[in-house]
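Feature annotation from TrEMBL assigns signal peptide to 1-16. According to TrEMBL, the domain 'Partial AB-hydrolase lipase' annotation covers 54-114. Under the heading domain 'AB hydrolase-1', TrEMBL lists 123-236. Taken from TrEMBL, the feature active site, nucleophile covers Ser190. The active site, charge relay system annotation in TrEMBL covers Asp375, His406.
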Amino acid sequence: MLLSIFLVSFLAFANAGWLDGVLDLIPKLKPAEKIPEMLNLLTNTSEDALLTTMELIKKYGYNGELHKVTTSDGYILELHRITGRSNSTDSNAQKPIAFVMHGLLCDSSVWVLSGPERSLAFILADAGYDVWLGNARGNRYAHTHANRKIKDNDYWNFSWHEIGTLDLPAMIDHIVKTTGRKKMFYLGHSQGTTTFFVMASERPEYQEYIEEMYAMAPIAYCGRMKSPLLQILAQFTISVDRFWDKVGYHEFNPDNVLTNAVQQLMCAEKAVTQPICSNLMFLVTGFNVKQFDPALLPVILGHVPASAATKQLLHYAQLIKSANLSTGTVLLPGKFKQYDHGLIQNKKIYGSSTPPIYDVSKIKAPVHLYYSKNDWLANVKDVEKLHSQLGNPSGKTLIADKKFNHVDYMWAIDVKKFVYDLILAEMKKKL
């Protein structure tokens with residue numbers, strides 16, 4: 001978020017004459033179309049930053065299928081399927097299913113944008129899995145509705161609660177119906193783990209479809225979240241979320257052609273300003289320069305941050321806030337709970353003054369947790385608390401790299417060695 005604010009501020013102070021001069025070099029295009037062209041003139045933009053998930057799948061030599069799913073409340077989501085390499089002879093064979101879910105401000109592209117060597121989706125496909133990449137309501141691949149317009153406040157009145165109780169079940173139903181298979185592996189990162197825990201506790205009937213769940217950087221309890229930026233933001237939740245209750249919820253970080261172009265300029269591999277981009281990311285997720293690939297950053301910024309609802313962020317902020325009300329030197333224990341609408345609305349919606357707790361002890365599907373010491377969002381003690389309360393924990397793995405951070409689970413140089421190979425070994429045991 002701060003990266004976007006910084007870049008927009010930079011643009012506002014840019015020399016207008018210089019910008020107009022560059023745009024005039026391409027007079028045949030409409031203003032909105034000139035920005036990508038300007039970008040191509042000034043930098044060597046990676047093609048991968050401009051391709052969609054399906055285009056990346058095809059580019060790297062895999063068979064892809066686009067499926068559309070409509071939730072019970074009308075949101076239309078894309079599922080991106082990878083059945084194998086284009087030159088393989090078993091793409092139509094019955095394979096074990098791997099359903100992969102992205103985190104907050106991300107979409108399905110995060111699992112393919114690192115190329116075949118380091119992208120989880122391609123690694124799973126090469127290992128013989130039928131890979132399904134989910135998309136949560138609100139991102140670019142789930143940006144439509146059966147009867148609402150995305151500019152309507154009602155469209156954006158959702159949190160990760162609805163993603164867990166409505167989106168995941170709809171996608172699982174579609175996968176089961178399409179493949180005829182009743183079991184699947186679920187792999188989630190960050191919010192992709194939160195939504196699973198919500199689904200498994202609130203819609204327990206869907207656990208029967210889960211062979212095993214692999215939670216990378218799991219988020220449920222947020223009492224010890226280290227990120228200073230998120231801690232500061234969380235302190236404003238009481239006034240901020242009441243404000244949104246009054247004016248309505250909106251889209252966070254709408255896709256903006258101009259902002260994306262400036263991000264590409266400032267965060268290009270050899271740009272003198274690139275350290276600003278990476279350090280802002282590290283301030284949220286944890287510092288790990290050794291595992292960071294500067295060449296990949298422009299590609300990442302072509303896809304991330306993806307759109308989300310303000311309510312998703314506020315819901316997380318409430319979890320942080322609930323765990324950081326100090327009593328002397330003691331922090332009150334954080335709770336994994338539904339959205340807090342305030343005393344009066346809580347009474348109307350939940351029938352109680354406080355929101356209900358998600359009871360993770362009801363989760364009977366086997367869950368294996370993967371966590372790391374330098375993750376500033378999924379703190380070690382919070383993850384261990386989750387592990388102790390799960391109904392059927394199948395294991396927990398502390399990543400060997402002591403500097404491994406929250407986004408390294410997607411884009412670290414050695415992510416295959418540190419994470420994916422370990423998960424594949426566990427999956428193989430279940431076959």
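Heads up, the Cβ atoms here are built off N, Cα and C, so glycines get one too.
Recorded features from TrEMBL, shown on the structure.
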| residue | record | CB count, 10 Å |
| --- | --- | --- |
| Ser190 | active site, nucleophile | 27 |
| Asp375 | active site, charge relay system | 29 |
| His406 | active site, charge relay system | 25 |
Q: List the helix, strand and coil residue totals of the domain 'Partial AB-hydrolase lipase' (54-114) as derived from DSSP.
A: 10 helix, 25 strand, 26 coil
Q. What's the CA-CA gap between Asp375 (active site, charge relay system) and His406 (active site, charge relay system) in angstrom, rounded?
A. 5
Q.
Going by DSSP, is Ser190 (active site, nucleophile) sitting in a helix, a strand, or coil?
A. coil
Q: For the domain 'AB hydrolase-1' (123-236), jot down how many residues DSSP puts in helix, in strand and in coil.
A: 53 helix, 19 strand, 42 coil
Q: According to DSSP, folded down to helix, strand and coil, what is Asp375 (active site, charge relay system)?
A: coil
Q: Within the domain 'AB hydrolase-1' (123-236) only, compute the mean pLDDT.
A: 93
Q: Taking only the Cα atoms, work out how far His406 (active site, charge relay system) lies from Ser190 (active site, nucleophile), in Å, as a whole number.
A: 8
